[in-house]
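K.L.:
Mind having a look at this structure? Questions to follow.
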Amino acid sequence: MKTSSRPDQPIKALLQLVAVGLGITTISLLWVVSPLVAPDHNPIYHWSGPASTLFVPVILDFLGGWLLLTLLLLFAQRSRRFQLYLWTSIPLLLPWIMLKNIAIICGIGLPYWASWLLLAASLIAIFLLLTRWRRILQTYFERVRRLVITMSCFGAIIGILVLGQLFWFARQARGLNRCTVAHHLHHAAINGTPRTRIVWILLDELSYQQVYEQRFPNLKLPAFDQLAAQSTIFTHVIPAEIKTEKVLPSLITGQPVDSIRSSASGQLSMHSPSGSWRNFDQHQTIFQDALDAGYSTGIVGWFNPYCRILPGVLDSCFWVFSEQLNNHMNSRFSAQKNMMAPFRRLNKEQDGFHIEDFRELSQAADSMLRDSSLDFILLHMPVPHPLGIYNRETGHFSTDHRSYIDNLALADRYLAHVRELLEQNGEWDNSAIIVMGDHSWRTQLLWLPSEGWTPEDQLASHGGQFDDRPAYIVKLPHQVKPARIDASFEALKTRQLLNEIMKNKIISVENLSEWTR
């Protein structure tokens, strides 16, 4: 019996090494794969690049790490000295690896110095053990090695499940962002009724308080002031939500949304306060309403995957979002660069992607504004959303300790640019312009604890105080006088408001004031 079992021993030993390599890889790279196997699929939902640049790097990193560790373990079988080095290092490095996993997956801001301190302590412990090795330690060494092997075999089971999920989700997401918009421009030809061009501008995180009520000293916002002189200002708007990913579905459907989730293919589901989940239906939105009214529709947007979730009700669309994932990957990177992203420290190039997003969105919006055939447009721009990307003193882009107030100045500059384009086309006066924030400046809710919070932010927000009112400004066609609506107004009614404008039921300040009562 013994002789018959001997041929199996090398195979069992090899399988054990493969399993241990997989387990250690899973434990070590859990933070790299976790964004892609998260149950809400949020990173997939907001990924604006090809699916291949998201999944292929992670899969290759995981398989490469597994192969490398397996080869090291095989080599350790042949060299007792290397075996000692390897199996001394693995247990002592695991605390640092586990801490990094927990911090990144849970979104805990672990300071670099704390991570490096623990790593240094682990390396020093390894050095001391190896240089002061005594035979008496051999017994403890074997016990620890067997414990790590057992843990790694359990980790291998998780690793198999993770790999299965990665390949399954990659298959489901293979068509991510490939969808093209349908063309409905023939609606305009069929319906000969004159239509008011509607330009809906959503400036992310635009605060009413900071723009009109308690403006920062010496901050000049001439475009907002000029707009206010011929628009209706809503002074007490109740935001639909506090997170953009929930606000926009609420605004375009007119239904409250308190939570969202995505499928692995990047499709949206919404949860209502009543407690029910439902799939997002693009045909139950303001853009379907616009098509039904004979309009042609377009979106230039940030953060939300508009072109993916609304392809059948748009004639033109562009969206982008370039914030890096927790594993440091970015939709702007190639697959090769994303493979290396988890293993290098973030640098200043990450800060510039907010600027690149703004530039690309602005360019796409210019093309859409110049196309008069598109008469129902949503422009969702990434300002004044922090972090600061503009120096209002120089008038140039900058990420060097810039503030929300700087971004407000950039939002004002952009608003002036839109007005100039429409005036050049002779369309400013006879267009309906809606300028709003999706939510207000989330001072103490989000930004106050962050590294990007500046002394100017602290001063402008009166110590981080939160005012929940987003800006909400409506200029009706040919409106020349200012007006105010001080009553509370739910931003959730924006779809209704836009429909009333499309149907020419709101054509004057009096109509608007009456409708809001």
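Just so you know, glycine gets a Cβ as well, placed from its N, Cα and C.
Grabbed the feature section from TrEMBL, which reads as follows:
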type	residues	note
DOMAIN	198-443	domain 'Sulfatase N-terminal'
TRANSMEM	12-34	transmembrane segment
TRANSMEM	54-75	transmembrane segment
TRANSMEM	84-110	transmembrane segment
TRANSMEM	116-135	transmembrane segment
TRANSMEM	147-170	transmembrane segment
K.L.:
Mind checking which residues reach the transmembrane segment (12-34)? Cβ under 8 Å, same chain, six or more beyond either end.
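P.N.:
Same-chain contacts beyond the flanks: 58, 61-62, 65-67, 69-70, 72-74, 77, 90, 94, 97-98, 100-101, 104-105, 148-149, 151-156, 158-160, 162, 166, 326-327, 342.
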K.L.:
Please identify the stretch among 54-75, 84-110, 147-170 with the greatest number of Cβ pairs below 8 Å relative to the transmembrane segment (116-135).
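P.N.:
Between the candidates 54-75, 84-110, 147-170, the best contact partner of the transmembrane segment (116-135) is 84-110.
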K.L.:
For the transmembrane segment (54-75), give me same-chain residues lying six or more residues beyond its boundaries with a C-beta closer than 8 angstroms to one of its C-beta atoms, as numbers and ranges.
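P.N.:
Residues 14, 17-18, 20-22, 24-25, 28-29, 32-33, 36, 43-44, 47, 82, 86, 159, 162-163, 166-167, 169-170, 173, 176, 327, 329, 331, 335-336, 338-339, 341-342 contact the transmembrane segment (54-75) from elsewhere in the chain.
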K.L.:
Take the domain 'Sulfatase N-terminal' (198-443) and average the pLDDT across it for me.
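P.N.:
Residues in the domain 'Sulfatase N-terminal' (198-443) carry a mean pLDDT of 96 in this prediction.
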